[in-house]
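Novice: This is the structure I have questions about; it appears just below.
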Amino acid sequence: MFLWSSYGNVSYLLCFRNTNADSVVHNKLQHSIKARFLRFVPLDWNPNGRIGMRIEVYGCTYRSEVADFDGKSCLLYRFNQKSMSAPKDVISLKFKTMQSDGILLHREGRNGDHITLQLVKGKLSLFINLGDAKIHSANGQINITLGSLLDDQHWHSVLIEHFNNQVNFTVDKHSHHFHAKGEFNYLDLDYEISFGGIPVPGKSGTLPHKNFHGCFENLYYNGINIIDLAKRHKPQIYIVGNMSFSCSELQMVPVTFLSSNSYLALPGTSGQDEVSISFQFRTWNKEGLLLSSKLHQTSGGFLLYLSDGKVKMSIYKPGKAQSDITAGVGLNNGQWHSVSLSAKRSRMSLMVDNDVTSSAHAAVPTHTYSGDSYYFGGCPINGNGSECKSPFAGFQGCMRLITIGSKAADLISVQQNSLGNFSNLQIDLCGIIDRCLPNYCEHGGECTQAWNSFYCNCTNTGYMGATCHYSIYEQSCEAYMHRGNTSGFYYIDSDGSGPLGPFLVYCSMTDTTWTIIQHNNTDLTRVKNANRENPHTVFFKYTATLEQLQATINYAEHCEQELAYHCKKSRLLNKRDGIPLSWWVGRTNETQTYWGGSLPDVQKCACGLEGSCIDSQHYCNCDADRNEWANDTGFLSYKEHLPVTEIVITDTDRLNSEAAYKLGPLLCRGDRTFWNSASFNTEASYLHFPTFHGELSADVSFFFKTTASSGMFLENLGIKDFIRIELHSPSEVTFSFDVGNGPFEVTVQSPTPLNDNQWHYVKAERNIKEALLQVDQLPQRTLIAPSDGHIRLQLNSQLFVGGTASRQKGFLGCIRSLKLNGIALDLEERAKITPGVEPGCPGHCSSYGNLCHNGGKCREKYNGFSCDCTFSAYTGPFCKKEISAYFGAGTSVVYNFQEYYTIAKNSSSHASSFYADMTLIREVITFTFRTTRTPSLLLYVSSFYNEYLSVILAKNGSLQIRYKLDSHQDPDVFSINFKSMADGLLHHVKINREEEMLFVEVMQLSEKLDCHQMEQDQSKMK
């Protein structure tokens, strides 16, 4: 047999077994449960015996002390000052009510400090205020809200624990733990606490004064039973108003309309000249029919319905204009709302929540007479269409206190089939559920709901999907680059779908992709008058949190940060083993005394490691303590210490002492996870990892390439639950799983084979609303989850990658960049110790070669590829940045090499590699050209001694290279004339001279820039 125990919104499934009719099986629950109903389901009967079952359920002793508050009463507990010395405050109680608002407890001090527990629209709010003097401070107010729909006349438990600044607030099984900022442990409070309301009107001017109407049970303050003290009339207790010690049960019968096909038909009195109906309802739906009735002796009738969260009433008659009125707004908020409608003679009126400001009135063209039936919530599907007519969908929600005329509807009689008629209802129960509690929308997504489901608004969160789980941004600049993006500002999300949010970085996509993260102080800053007693301390704030920075640094192949310290009589280390005079702090919050270009734990600067300090007695240039400017500059590259968060300087208060520092941005390159891969060489090989924990949301992404027709990518099993992704056929990827609702499967069919030995991308996600699968850029496949099924994926085995424990066919090929919920698995490290699996995977150019444009050639690397732009007129990571120039007729570019004396006069200038009085014995010249004009001068280099080099396209299109290295001899002329080069195609020229030997290479690139012909010539000059 099975036993279900339901408590709140949580269901438990327990299994008990017996195999014969004689023995008794005892089952003790591991944990105690609190339940309203127990349901026993026999799975099978003894085939050789009779049907029969006996069950005994044993509970525990339970003491109950209750107090009933009538909405005007409250209970005041005064305690002596000695009890205030307790290090911990604990308040516990249970309550039940039908009112959505009311104060449960309140404690206040003379300076405005107070703590209040209050029901607000069916939710419980704990409000803490640190006094009037602090009310404008953000730290001075705390407001925590838990629970929902707590006005359901069921018992709810509350626990508040306060110890110093730590506060634990629990409602039923939902808890919130927080540290209150400021001096919360010094709240100035009186020695009294009130329950059920505020005894003195106006004592707390910032709070509404609606007292609690309902029951308390087992109210304890620091272990003291408050209700027991009240029952025994102890002097510490003062009761205001009428309060009893038994919980009155209000006879109020709700009814639940479970689906859009539900309805409740109640009889009315036909022919009366007044229609008067009132009821209360609660729902999450914006639309739905509330009430429909046919008018007496006419084909007309009236409708009361919800439209966009407002109540509308329409009276229609044949040949007459329809009369409509509207009242209320936002009535689909899950709260109880009252509706009163009346139609008398030629006038109709509508009121919501007994609020005259939410009422509407209108004239009716003819007299109105009541019909004999009223249909609440909907119309019968196969009933008489003339009796109930509605163009609207049925109502889903709860109703109660239905009154027709002046007579209250007896819903128990309806349940017993002695009054009216109904279909698909739950009577004597309001089955509304708050599907946004807990909030399954991740990353700050806003939860809204209807009766059967909830929805997440992911706007401005940086995430997408049904639960805002998956990041819309890449995890690194490396990933952006391989999508073909160029340098610029990008948001990256270092942990993908993890808890860290996206942040803005600059991606410098040159030959190496750099991630640049700025901070708030990149200028050169001068420092004076700092000493040990009054140090100069500067803190650096980055455009990302330390957690985001740590994730980025961990995933990067290399990170560095330039730190420059300029000094004049300002020391860093003082002496070799002395106490440092200046230091910096990294993200580990540890003091570091090594400086740019040095290594950790050596207390040296770069010059100290290289042995090049200006004073060999010291390990830093600045420690020479000279009265002239020097500097210790270099890159910090120990990843565990980066980034720099603080610099402290203490040696600039002596005569002529001064310092200046400059900290560059954090620079990181590479993405260790993007190319992390493993090759599976046999069908029996696999990698295993710890159990994947993705109970509510799970996303898996990876790249694969293979020539096999099928294979298992990954699998993780539970007792019954599982998750599996596999190549089902050469053109089919399947994502299957089971969370307790039976196995589900999502499949993507590719129009082309996927076993083409090219990299293909797979992304699978499963959350409590849907499952989806995407392969490459093919349309995404989605499977909607059952609205009221099991939601948790419970796995307990190891995660198998490239194979499976269930002995299905393993995977042959490569898997790369495998990430589960944003966390990358280190395939290479695990592959090193696993037979049949090798780290890494060659052959990236077969998939990514098309990213190399304009004649760039893809070159294989162990961890990726690069584009060789040597034979292209373009540069950049993908040879897309044009570096050529267009020359019109008569145009040229002239470069004058700097004179030697000019360089000497200004040492800060960039020196040329050529000087006016320098004799060259070798040079290497490369360029690419394209033209249809002849003759053309391509290049001309001359000296002050009438020596020159010229490259000319002759009239016939041949290439001529002229060297005149001796002003007293004619030039040497070399011609390459295997074809005309004025053909509009790209030609690459390389000229290499070593003294009198000349080597010339010409490559002709095709229009597609993906192949070339080569002509070489080697000659000896005179």
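Including glycine, each Cβ sits where the backbone N, Cα and C put it.
Nobody curates TrEMBL annotations by hand; they come from automatic prediction.
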Novice: Among C814, C869, C879, find the residue that TrEMBL gives as the disulfide bond partner of C841.
Specialist: C814
Novice: Under an 8 Å Cβ to Cβ limit, what residues of the same chain, 6 or more beyond the ends of the domain 'EGF-like' (842-880), are close to it?
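Specialist: Residues packing against the domain 'EGF-like' (842-880) from afar: 481-482, 484, 486, 509-511, 513, 670, 674-675, 705, 757-759, 928, 930, 986, 988, 1003, 1005, 1009-1010, 1012.
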Novice: Taking a Cβ cut-off under 8 Å, which residues six or more beyond the ends of the domain 'EGF-like' (432-469) line up next to it in the same chain?
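Specialist: Sequence-distant neighbours of the domain 'EGF-like' (432-469): 9, 147-149, 174, 256, 282-286, 334, 396-398, 491, 493, 497, 501-502, 696-697, 699, 765, 767-770, 772, 787.
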Novice: Count the residues of the domain 'Fibrinogen C-terminal' (468-519) that DSSP assigns to helix (H, G, I), to strand (E, B) and to coil, and report the three numbers in that order.
Specialist: 5 helix, 20 strand, 27 coil
